């Protein structure tokens with residue numbers, strides 16, 4: 001299979017590294033050569049992921065992958081959801097987590113990290129989107145320094161440590177890992193059928 005070069009529609013170096021680590025051999029992942037402003041005004045992770053991929057793809061005139069992901073806390077009606085990155089945007093994630101911990105006092109702590117991943121090729125006009133999640137709960141305190149974002153207070157189901165305490169496992173079980181592996185699988189099937 002011919003190697004496919006894909007730009008990631010992000011300037012977040014953590015995301016680039018996380019996706020590069022799980023990318024198949026037939027795909028070369030590159031960070032976007034330029035920062036492109038995309039207003040993430042969708043009501044769902046899927047809408048934002050598709051919008052990012054299409055805007056980046058049309059501007060770069062090259063295949064791109066984008067994602068939108070975030071934390072969904074069930075007892076807070078899905079908050080912060082698509083606003084995960086923009087919630088208290090001027091504050092650190094540590095401050096955001098402290099605020100959420102206060103909001104959760106006396107409430108159910110079930111939560112999920114959700115990721116929608118999209119591939120867009122503007123030349124072939126191919127658009128593929130998938131979504132996956134990892135279920136878990138919010139810890140009673142911030143624990144661990146690994147990972148990024150809300151990782152230090154999210155405990156995935158089946159574990160007693162936060163993603164911040166087990167960053168080496170996160171690449172295998174995270175929402176982003178699951179969504180992108182699913183996307184790679186769909187892409188591989190399409191590419192194999194085109195090469196026949």
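Using N, Cα and C of the backbone, Cβ positions are placed for all residues, glycine too.
Here is what Swiss-Prot says about this protein:
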BINDING   10, 11, 12, 13, 14, 15, 69, 148, 149, 150, 151, 175, 176  substrate binding site
BINDING   68  Mg(2+) binding site
ACT_SITE  68  active site, proton acceptor
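Here the binding-site residues are 14, 176, and the one ringed by the most other CB atoms within 10 angstroms is 176. When the binding-site residues 10, 12 are scored by other C-beta atoms within 10 Å, 10 scores highest. Other Cβ atoms within 10 Å of the Cβ of residue 149 (substrate binding site) number 20 in total over all chains. Annotation for residue 69 (substrate binding site): spatial neighbours 45, 84, 113, 114, 115, 116, 175, 176, 179, criterion Cβ-Cβ under 8 Å with sequence separation of six or more.
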